[in-house]
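TrEMBL lists His158 with the feature active site, proton donor/acceptor. Annotation source TrEMBL lists active site, proton donor at Lys162. Among the features that TrEMBL reports, NAD(+) binding site is placed at Gly11, Ala12, Ser13, Gly14, Arg15, Met16, Asp58, Gly101, Thr102, Thr103, Ala125, Gly126, Asn127, Met128. Summarising the annotation, TrEMBL assigns (S)-2,3,4,5-tetrahydrodipicolinate binding site to His159, Gly168, Thr169. Feature annotation from TrEMBL assigns domain 'Dihydrodipicolinate reductase N-terminal' to 7-128. Marked as domain 'Dihydrodipicolinate reductase C-terminal' by TrEMBL: 131-267.
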Amino acid sequence: MTHLPGIVVTGASGRMGRMLIRTIVESDRAQLVGCVERPGHDWIGQDVGLAMGGAALDVTATDDPLEAFARAQAVIDFTAPEATLEFATLAAQARLVHVIGTTGMSETQIEALAPAARHAVIVRAGNMSLGVNLLTQLTRKVAAALDREFDIEIIEAHHRHKVDAPSGTALMLGEAAAEGRGVNLADVADRGRDGITGARKEGHIGFSAIRGGDIVGEHDVLFAARGERIVLRHVATDRGVFARGALTAALWGQDKAPGQYDMIDVLGL
Ligand code: NAD
């Protein structure tokens, strides 16, 4: 078993962290070699299998990422922007593949990943599922095929705990639509309308976010014109799709040159 690529999960106790632990443990392509949580978390020092209420997994949660990274070939990171930046520096030092699922990173934070990507492979995507990455490609194509008479709106829905809006996936779809139209998303994005906003501007791309209950993730890309509408929709019902995508990315990155990649590269779409 020791020849299988060793994976560290950061944010191990989170919604995605737990799903990643299960996915890696059940996989015959990789092994779980470390779990990182933030200092002071009650999982620190505990076996992560027991902490999840199941059988022991022989992996103890630590708040020392360097110690965990030293044993691994890849780190899968679904945490928070500041934490992800810290992990990127450490993963580059250890020459690990860094799979970043964390969303809500600012442009400045994304730019700050560049030095790490000179030394190690980074795969970052706002959504790791095959279906959404396919939807991204379809969105680009449909946006390129339709003229500006079609208003583009992106509607997303997520669970009540999500802290960022619009979702990373919605922004990814917005980028794809803007690329298809040959425009810059930053110049045409309408995020969060409220009050007397005036009529919709032609060529703009609008975003709406719904938050509630335990919704895993739903995205509609709406192309609306006079007399007709096209809706491209993806519905995730199980976080396992993101975890399996992230594991695929970690394995894919093993023999790649340092640099920044996304799931379109991994899936060869
Ligand atoms: P969550 O709040 O349940 O989990 C985040 C975990 O990270 C927590 O356990 C927290 O303690 C831990 N953490 C925070 N700072 C840390 C640090 N410095 N060191 C170690 N651990 C730290 O959130 P979640 O629902 O699991 O989502 C996590 C992130 O992943 C969010 O940004 C979310 O939007 C994103 N996400 C991405 C995808 C994708 O496919 N790319 C899918 C789902 C969620």
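Glycine is treated like the rest: Cβ placed from N, Cα and C.
Any TrEMBL annotation is an automated prediction that lacks curation.
Sequence features, as recorded in TrEMBL, placed on the structure.
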residue: Gly11; record: NAD(+) binding site; Cβ neighbours (10 Å): 25
residue: Ser13; record: NAD(+) binding site; Cβ neighbours (10 Å): 20
residue: Arg15; record: NAD(+) binding site; Cβ neighbours (10 Å): 16
residue: Asp58; record: NAD(+) binding site; Cβ neighbours (10 Å): 10
residue: Thr102; record: NAD(+) binding site; Cβ neighbours (10 Å): 23
residue: Ala125; record: NAD(+) binding site; Cβ neighbours (10 Å): 27
residue: Asn127; record: NAD(+) binding site; Cβ neighbours (10 Å): 28
residue: His158; record: active site, proton donor/acceptor; Cβ neighbours (10 Å): 25
residue: Lys162; record: active site, proton donor; Cβ neighbours (10 Å): 18
residue: Gly168; record: (S)-2,3,4,5-tetrahydrodipicolinate binding site; Cβ neighbours (10 Å): 19
Where the C-beta lies under 6 angstroms from ligand 1, the matching recorded positions among Gly11, Asp58, His158, His159, Thr169: Gly11
Which same-chain residues, if any, lie at least 6 apart from Thr169 ((S)-2,3,4,5-tetrahydrodipicolinate binding site) yet have Cβ under 8 Å of it: Thr103, Gly126, Asn127, Val132, Glu156, Gly217, His219
Listed in sequence order, residues with CB under 8 A of His159 ((S)-2,3,4,5-tetrahydrodipicolinate binding site) and six or more positions away: Arg211, Gly212, Gly213, Asp214, Ile215, Val216
Three-state secondary structure, which DSSP defines for Ser13 (NAD(+) binding site): coil
Collapsed DSSP category at Thr169 ((S)-2,3,4,5-tetrahydrodipicolinate binding site): helix
Distance from Lys162 (active site, proton donor) back to Ser13 (NAD(+) binding site), taken between C-alpha atoms, in Å: 16
Secondary structure composition of the domain 'Dihydrodipicolinate reductase N-terminal' (7-128) [DSSP: H/G/I, E/B, coil]: 43 helix, 26 strand, 53 coil
Candidate nearest Gly11 (NAD(+) binding site) in space, where candidates are the recorded positions His158, Lys162, Gly168 and distance is Cα-Cα: Lys162
(S)-2,3,4,5-tetrahydrodipicolinate site shell beyond His159, Gly168, Thr169, criterion: Cβ within 8 Å of Cβ centroid: Thr103, Gly126, Asn127, Glu156, His158, Lys162, Asp164, Ser167, Ala170, Gly217
DSSP-derived class (H/G/I helix, E/B strand, else coil) of His159 ((S)-2,3,4,5-tetrahydrodipicolinate binding site): coil
